[in-house]
């Protein structure tokens, strides 16, 4: 039983990080109706920037975390202004091709600038673990989870209580009505893209000391996150959170009791089962955010 | 009787989507009047109404609000200039509460102005006050229509465009909607309303504009249009021979 609980704790930690990436992806889809195939690469960019700041510039982990998140958010905003802003409604396929291209540029650009080999990031929390009620808790992972939880709570607060957050939800639910009340689509979409991509960068930066950092680390997590947002219901933020935790725990438990090879397939098997029972996903209503 | 000031003027406008749907429409709308926009299915009523708000493409012509051209302004800018619209179909945010919808209706206003605007429309439509915490998508069709009208009125528009406000409502609710529209004239608003319920619409209107396949068929006082034999036959189901008599 203790082993099972340990696996669940690990799974919740992993799920919280998935949630950061999935919620960002879902937010962008909800507002812009574009599936961002470069999203995993922004996760990689966050990890790379943090690795560079901590190992090369000697900056502390927490200041580096903030700098990496903001930097990736700014890159995301620029990508919106230069490329994504020009999309019109119904140009879904063009969005896919363009974001795949952006992902390739990011991956190869990082490989060119920082090299293709894996890098490890050591911080003051590396190799530190705590014994909480008999359970082993890794300090670095715990920090990543807490950072994720705070970011998700902050996003919830922005979407629920601020004018700009409500405008984002409004825009995602009914574009024409949003135009009519005077919401400016370019402003709202730009902010949503910057926030969504910054969240991916934050996840990468928070996990950089846990996993090896390399230019190709974005692609595998991207497909898993696609499965998560489909399970949660496309564009549903609560759905993305619940599905992330579900996948995190399931993966951890399956990996713990059976083969690690099976662990990576779990998200996709779960996606097939959920789609058979709930074609719109667990929280999908055909209306976003 | 003093002549009323022209608030909105269409000069030879051609509007549509990928190609013009409504062609060469000219019209002078006086302030504090109700206009009915009449026509059969596909006549271009909704297209014309949306074009006045910048939601469709203007191919040529000029749209003047208070004498200033606005045909190139965005919907947001037209809201700031004093226009509002309640388009056909649902035009609210269904997963947000009625309160949040009203907050979005006042999006272009400052915080204090928005608060005052919300209070003003809640006094006009008391039914919304009891539903502030409910999701807009859970309201009845009539209540959603009232909510959307309230949202459009929050910015204090001088020209309000209504597209099929009675569509899908029970006869009782339709009557209430027309009474609400009529009361807006008392508030000093100019209303342009596209309606399928031609009788109900013309009964409360001052003027009417009839479209047929994207071009102007007729324009005149609402009563005159109502009495016109062609209108009676085409839209009110009158027998052609009786209508002429």
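Any Cβ shown, glycine's included, is placed from N, Cα and C.
Per TrEMBL, the features are:
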TRANSMEM  A:12-35  transmembrane segment
TRANSMEM  A:42-59  transmembrane segment
TRANSMEM  A:65-84  transmembrane segment
TRANSMEM  A:96-115  transmembrane segment
TRANSMEM  A:143-165  transmembrane segment
TRANSMEM  A:186-213  transmembrane segment
TRANSMEM  A:225-249  transmembrane segment
TRANSMEM  A:261-283  transmembrane segment
Range from A:42-59, A:65-84, A:143-165, A:225-249 with most C-beta pairs under 8 A to the transmembrane segment (A:96-115):
A:42-59
Recorded stretch that, among A:42-59, A:65-84, A:225-249, has the most CB pairs under 8 Å to the transmembrane segment (A:186-213):
A:65-84
Counting only residues 6 or more past its boundaries, what in the same chain has a CB within less than 8 Å of a CB in the transmembrane segment (A:143-165)?
12-13, 16-17, 19-20, 23, 27, 65, 125, 188, 191, 195, 199, 202-203, 206-207, 210, 237, 241, 289
Give residue numbers and ranges for long-range contacts of the transmembrane segment (A:65-84): same chain, 6 or more residues beyond its ends, CB-CB under 8 A.
32, 34, 38, 42, 45-47, 49-50, 53, 59, 95, 98, 102, 147, 189-190, 193-198, 200-202, 204-206
